[in-house]
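Asker: Just dropping this structure here.
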2 protein chains.
Amino acid sequence: MDAYTELLSFARETQALGEVAGRLGWDQETMMPEGATPQRAEEHAAMAKVLHARHIDPRVGEWLAVAEAKDPVAAANLRHIRRSFERNSKVPADLAAALAKTTSLAHRVWAQARADEDVAAFLPLLEEVVALRIAEAQAVAGDADPYDALLDDYEPEASGAGIAAIFDRMRPRLVALRQAILEKPAPSALSGTFDEDGQLRLSEELARAFGYDTAHGRIDKAVHPFSSGSGLDVRITTRTSLTDPFNCFYSTIHEVGHAAYEQGIDRAHLLTPLGSGVSMGVHESQSRIYENQLGRGRAFTGWLFERMKDTFGDFGIADADAFYATVNRVSDGFIRTEADEVQYNLHIMLRFDLERALISGDLLVRDLEAAWNDRFKSDFGYAVDKPSNGVLQDVHWSEGLFGYFPTYSLGNVYAGCLNSAMRAELSGLDDDLARGDTSRATGWLRENVQQFGGLRTPMDTIAHATGSLPSEEPLLQYLEEKFGRIYQL
Amino acid sequence: MDAYTELLSFARETQALGEVAGRLGWDQETMMPEGATPQRAEEHAAMAKVLHARHIDPRVGEWLAVAEAKDPVAAANLRHIRRSFERNSKVPADLAAALAKTTSLAHRVWAQARADEDVAAFLPLLEEVVALRIAEAQAVAGDADPYDALLDDYEPEASGAGIAAIFDRMRPRLVALRQAILEKPAPSALSGTFDEDGQLRLSEELARAFGYDTAHGRIDKAVHPFSSGSGLDVRITTRTSLTDPFNCFYSTIHEVGHAAYEQGIDRAHLLTPLGSGVSMGVHESQSRIYENQLGRGRAFTGWLFERMKDTFGDFGIADADAFYATVNRVSDGFIRTEADEVQYNLHIMLRFDLERALISGDLLVRDLEAAWNDRFKSDFGYAVDKPSNGVLQDVHWSEGLFGYFPTYSLGNVYAGCLNSAMRAELSGLDDDLARGDTSRATGWLRENVQQFGGLRTPMDTIAHATGSLPSEEPLLQYLEEKFGRIYQL
């Protein structure tokens, strides 16, 4: 066997073990008996240790030194393996261990602090997490920007400065759009209750309508919906809320977007480094375009309105236009995950600016809550009322995930670009969507984005699909036009 | 850290990884989408490789060489670790790999051959499996009996000769009992259908009645019921049959017996080599005594009769005595897993004698089917009608499991001993069982057997619980008395 073949075979086993570890996480959120928690922590830790040892295995370095790429697939595989090996090898073992231990502890302390509305109880550990992540970022980045080194884990090629430039152009237009909308009368919200069996049945129908393949996946309930797995076993979860069926339906469609990406990758890449989504941003572009540009569009909501009436009977919304406005209702709220398309990115920009300042040292952890509250007031016009609605609301920082938040908005930006290119190419698409038929849209995304997995870089993936480098302009135009029409701005 | 502490910490991680691998198997039988099969095979293989490497890790040998046991727990842990390390280290790597590959292939070929009723299609691979297992057994056993080396994987301390002596004493009495029973009129069988929701509800009630702890486990459906996992996460499965609710109920009680053993082990042994059942035979003793001596006794079936009437309405059985006879009905049948208490062990003895002869070389694979059919006719009095009812019925040999079958009957023998000792100690137990209250019985088993896990050897486990070394006599007396009364022999 030549070095490349040996290396790929090793990487394939690593990938298979990664799938096992991922499914352990799925099990924990869906199936695990509650009393199993302490044992599960040891199982997770043991798997993480096995995977870490493989990621820095010296044989990988030896194979990389002599492996030759005979084709673009091999070149892409080598690029991914080299990136991961070099990144992981730069982090000293004791730092990696300290990070694993501290984030595991910080996660528990964060959950308790959030429940207790007690920021002070969380800050000492958050300080440790930030210090460790800065140390890690410096070890990886050398002389380069440490934040970029963190970002690189989730969105290769992106830079903090590049994202800041995009966000700085987006923010004033989104703030202005939000203000214009909130001066208008609000569409009616849903009222009444919607039985949970009906929600789950319709949720399954939506998953099928968006092309989710249950021969290679399954749908279960979880407190926080997620998608997990790659290749032939890609599972999604959803949740129900008696008074808010949209939470169920759009969680499902969102997760189907993620899952469709994994399920849509060329099977030739199964269990290789090319066999899963190339970056968080591109992943999120799929979940967002399924959820928003397709799922929350006027055409598809017309079909959904009828299916909801079939399922739940009359629920007090007069017609499909009113339903469309209700689905896309913009209202005040503190919580990122509950935000509408207009306000969502403002939540992200707040987090991005704060975490970048934390990593650069310009902001100290002890000043984080005040900085959060000031910025929130400035963008949203009202004050945070309690920490669980503010600085303690998200899990990410407690787990050491710095550099992750901006990928959500990059996903929205990419989705805007993809939607624009797709609409230009597929005429009459809304006629399909009005019948609940997403196949041409999802087929276009599969053909132009999903199938490539890790073969192309994130930027190349979007550029090849759209014919140009990503820009925030299509997303902003889409939002201004869509909400301008709904709210008659 | 001293060598023992380091070794135990390594063993604990191995144990945790073993739990992960085991749960992967659970997932495959209960949750996995059907299209995931090929990927799952790679995931299993990758986990098996990780575990195998740890089982023969040279550091284990180094730690074992210097580790000191300061107490009985440490001594037992060292005994288990040394046994596993020495056994695995004796098997050459290429032989271990060939066995893994061949049994994986043979398993698929067996399933197809059974579906096709085509013994010849399976025999070439079975020959390879037998040859490889003989080679492995010889590598492990040296000059000792190769069959004992295989048996030792499932029932340490047992020997083929010792089991043969027990079985030779049991067989004539069981054949005679069977013949006497079949000369009598058969009790009525169940007729009609029993709705599956009702079966699952009552099955859950039975699991609870036998003390199954769902805070540390869960119940799902599977084609072939099983129990899996140790410590804080012990899951069971069951199945339903529209016309045969006993299949569901007694599968559940059987698996609860296995699970209760794992759940009952002293938590101090969690994720150590002492933290799971000590042998297949002792494990089976728990599932059998729950299922048979407790679950199929006159007292408990009286309670079950009422619960079935509550659940399904009248189902044509006149009274509790008639119901007891129906539950314990003895009738002709080819299939081991469907056999009653009287005939079950005859099915095992057949397999034990044949597999021992295969491993010793006294029987050639090409003569196996004829030998099976002759022996079946001799013990049961009628001829095997097709291979799926004969030599192809069980999965075990295709997976290379030689030495496994006798542990089922050892479990029955141990259950007989335990039942006898328990009844002598707990007066009025049947009054409890007649109310559906198993707590004194399961409490006795937990106290006297389950809590010790791997601390005592299998023989010591039974001997400590019963006050004497295991013997087949209590089981035979129990069967002769029970069925003598039901059938008025």
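For all residues, glycine too, the Cβ spot is worked out from N, Cα and C.
Where the annotation comes from TrEMBL, it is an automatic prediction and has not been curated.
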Asker: TrEMBL records A:His254, A:His258 as Zn(2+)-binding residues. Which of A:Glu284, A:Glu306 is assigned to the same site?
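Answerer: According to TrEMBL, the candidate sharing the Zn(2+) site with A:His254, A:His258 is A:Glu284.
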Asker: Tally every other Cβ atom lying within 10 Å of the Cβ atom of A:His258 (Zn(2+) binding site).
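Answerer: If we count other Cβ atoms within 10 Å of A:His258 (Zn(2+) binding site), we arrive at 23.
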Asker: If I restrict to non-local contacts, at least six residues apart, and a C-beta distance under 8 angstroms, what lies near A:His254 (Zn(2+) binding site) in its own chain?
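Answerer: Looking at Cβ-Cβ distances below 8 Å from A:His254 (Zn(2+) binding site), excluding near sequence neighbours, one finds A:Pro225, A:Ser287, A:Arg288, A:Tyr290, A:Glu291.
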Asker: To see if you understand the setup: which same-chain residues, six or more apart in sequence, place their Cβ under 8 Å from that of A:Glu255 (active site, proton donor/acceptor)?
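Answerer: Set apart from A:Glu255 (active site, proton donor/acceptor) by at least 6 residues yet with Cβ under 8 Å, we have A:Pro225, A:Phe226, A:Ser227, A:Ile236, A:Thr237, A:Thr238, A:Ser287.
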Asker: Around the Zn(2+) site recorded as A:His254, A:His258, A:Glu284, what other same-chain residues have a C-beta within 8 angstroms of the site's C-beta center?
Answerer: A:Ser227, A:Glu255, A:Gly257, A:His283, A:Gln286, A:Ser287, A:Arg288, A:Tyr290, A:Glu291, A:Gly411
Asker: Could you check what DSSP calls A:His258 (Zn(2+) binding site) once collapsed to helix, strand or coil?
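Answerer: The residue in question, A:His258 (Zn(2+) binding site), is helix (DSSP, three-state).
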Asker: Provide the number of Cβ atoms within 10 Å of the Cβ of A:Glu284 (Zn(2+) binding site), excluding the reference atom itself.
Answerer: 27
